[in-house]
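Engineer: Quick one: structure below, then a few questions.
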Amino acid sequence: MVLSEKSRYLPDEVSDNAEQNSPAKLTSGPQTPRLSAEQSLDQDSIRDLDIERNASLDGDAAATARDEFEVWWEEPADQDPENPLNWTNTRKIITIITISFVTFLTPLASSMFAPGVPNVLDEFNTDSEAIATFVVSIFVLGFAFGPLIVAPCSELYGRNVVYHVCNIFFVVFTICNAVSTNIGMLLAFRFLAGFAGVGAVTIGSGTISDMIPAKRRGLAMSCWSLGPLFGPVIGPIAGGYLTESAGWRWVFWVITIAAGISTVACFFILKETYADTILTKKAERLRKKTGNPAWHPRLTSKTAGKQLIKESFARPMQILLFSPVASLMCFYIATLYGLLYILFTTFTFVFVDQYDFSTGSAGLSYLGSGVGTVAGLFVSASFSDFKVRRKLAMNQEPQPEDRLPWFMVLPGSLSIPVGFLIYGWGAHYRVHWIVPQIGTAVIGFSVIIILMCIQTYLVDTYNHHAASAIAASTILRNLLGALLPLSGLSIYDGLGLGWGNTLFGLLALCAAPIPMLFGMFGERLRNRAMVTR
């Protein structure tokens with residue numbers, strides 16, 4: 001059962017006589033509003049301020065909720081400047097832009113390298129089709145395992161420390177890619193770079209959940225997604241021409257320079273957004289100022305330290321394995337992601353063989369899917385919050401299923417197989433290259449609409465543990481994104497481009513009913529789901 005916790009609030013600053021350790025003396029009365037009317041929070045925001053805990057409140061917990069020494073937001077809660085939900089719009093926008101740029105670099109590193117794969121195979125004297133695919137997709141395999149560490153760490157120690165550590169290691173491992181002397185070294189450090197680079201991809205949505213109320217979260221999620229979506233668009237195009245003019249190693253040096261700049265910028269721009277971490281530091285200040293060790297943050301679990309760490313690291317897998325909400329949604333996204341990465345890892349070979357593209361122009365083969373994903377993002381941003389806003393206007397309680405409107409998930413899921421048919425048979429018969437590009441644009445457009453709907457749905461469903469929910473999704477989808485492409489070229493060799501992509505379209509069609517069923521029956525499944533604390 002999800003329960004909103006409500007009790008009195010405590011200020012951050014206390015007067016000198018607070019050293020007498022009297023809670024009554026530490027409580028402030030109503031304060032003059034510090035935000036403009038435009039910045040003040042609506043009822044939906046206030047609901048978000050009462051961070052939902054996914055557990056029932058028994059006798060001991062009820063006593064804790066009434067504990068006069070627990071630390072919460074300064075009263076009134078909708079005006080406490082320490083609460084990320086109350087930050088100015090400027091600060092929120094700058095934060096979203098910053099994490100969006102960091103998440104832009106990771107998929108850029110994944111796809112920018114793809115056009116240079118034939119050059120790498122020549123330099124390291126190998127012609128293995130499996131290696132040709134795996135050297136690209138192993139980066140995504142790192143994406144699959146990174147969230148197992150990243151998400152729980154962000155919910156134990158805060159978002160900022162995870163951003164900084166992941167950024168630093170991503171720079172180090174990218175440098176190692178640039179100086180690789182054999183294919184084994186390149187594969188190893190590609191995996192590690194993906195492992196470290198997934199930090200912002202995993203917890204970016206958690207950061208947005210921390211500071212954006214549900215009413216406006218869909219738009220914010222779409223804006224944040226601009227970064228990871230532009231990466232696959234720009235990466236192969238820039239990588240193709242960069243490889244042709246300066247060699248494949250310079251792909252990694254360019255990424256290193258950009259990642260180094262963003263790493264330094266994050267130290268100066270990003271502030272902590274996770275409520276548990278902020279309130280823990282606030283309690284530490286009160287304990288130090290008053291000398292009273294009784295002060296403690298409301299959201300801190302009573303679980304012992306080692307057990308808490310164990311539970312936090314197990315949470316993403318618990319959500320994935322024991323919640324039908326996450327399991328089925330993650331399966332659908334993983335299927336689409338795996339099929340999409342089959343395309344990404346074979347575009348260069350298909351367009352070079354079928355249309356005689358050069359190494360430089362091979363990057364242009366990614367343009368269709370890129371344009372489609374960007375267009376899909378703008379459509380998603382325009383309609384994601386539509387049902388939520390309409391319900392609030394009618395004084396009705398929004399539900400996570402409002403993130404799965406039929407007018408988005410129905411055409412989105414059904415048009416993906418159509419895109420595969422256009423791409424596959426267009427390339428098979430070598431009709432003008434714009435035809436398969438249209439097919440990939442349809443695929444990109446539809447996949448991003450489905451991805452944004454499901455991702456926002458998971459964030460709203462697992463509110464306080466949004467990072468773990470997204471980590472659960474990331475784990476499965478990146479496993480398939482890394483492993484399915486290993487069979488891509490073999491399937492094309494055996495079935496041809498036409499029937500091979502027809503097979504992929506049928507797989508997408510078989511899974512298409514999942515988001516539509518959740519839109520109709522999701523609330524019933526959520527009530528029966530296991531949601532961990």
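Any Cβ shown, glycine's included, is placed from N, Cα and C.
Curation plays no part in TrEMBL annotations; they are all automatic predictions.
Keep in mind that this is a model prediction, so the values were computed, not measured.
Feature annotation from TrEMBL assigns compositional bias 'Basic and acidic residues' to 1-11. According to TrEMBL, the compositional bias 'Polar residues' annotation covers 17-43. Marked as domain 'Major facilitator superfamily (MFS) profile' by TrEMBL: 95-526. For 1-43, the entry in TrEMBL reads region 'Disordered'. Summarising the annotation, TrEMBL assigns transmembrane segment to 93-110, 130-149, 161-180, 186-206, 218-238, 250-270, 319-344, 364-383, 404-425, 431-454, 466-486, 498-521.
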Engineer: Looking only at the domain 'Major facilitator superfamily (MFS) profile' (95-526), what is the mean pLDDT?
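Structural biologist: The answer is 85, the mean pLDDT of the model over that range.
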Engineer: Hey, which bits of the same chain come close to the transmembrane segment (431-454), Cβ under 8 Å, at least six residues off its ends?
Structural biologist: 218, 221-222, 225, 229, 329, 332-333, 336-337, 340, 343, 350-351, 355, 365, 367-373, 375-377, 379-380, 384, 403-405, 408-409, 411-413, 415-416, 418-424, 473, 515
Engineer: Return yes if the transmembrane segment (218-238) and the transmembrane segment (404-425) have at least 3 CB pairs under 8 Å (sequence gap of 6 or more), otherwise no.
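Structural biologist: No, the transmembrane segment (218-238) does not contact the transmembrane segment (404-425).
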Engineer: At a threshold of under 8 Å on Cβ distances, which of 130-149, 186-206, 404-425 pairs most often with the transmembrane segment (364-383)?
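Structural biologist: It is 404-425, which has the most Cβ pairs under 8 Å.
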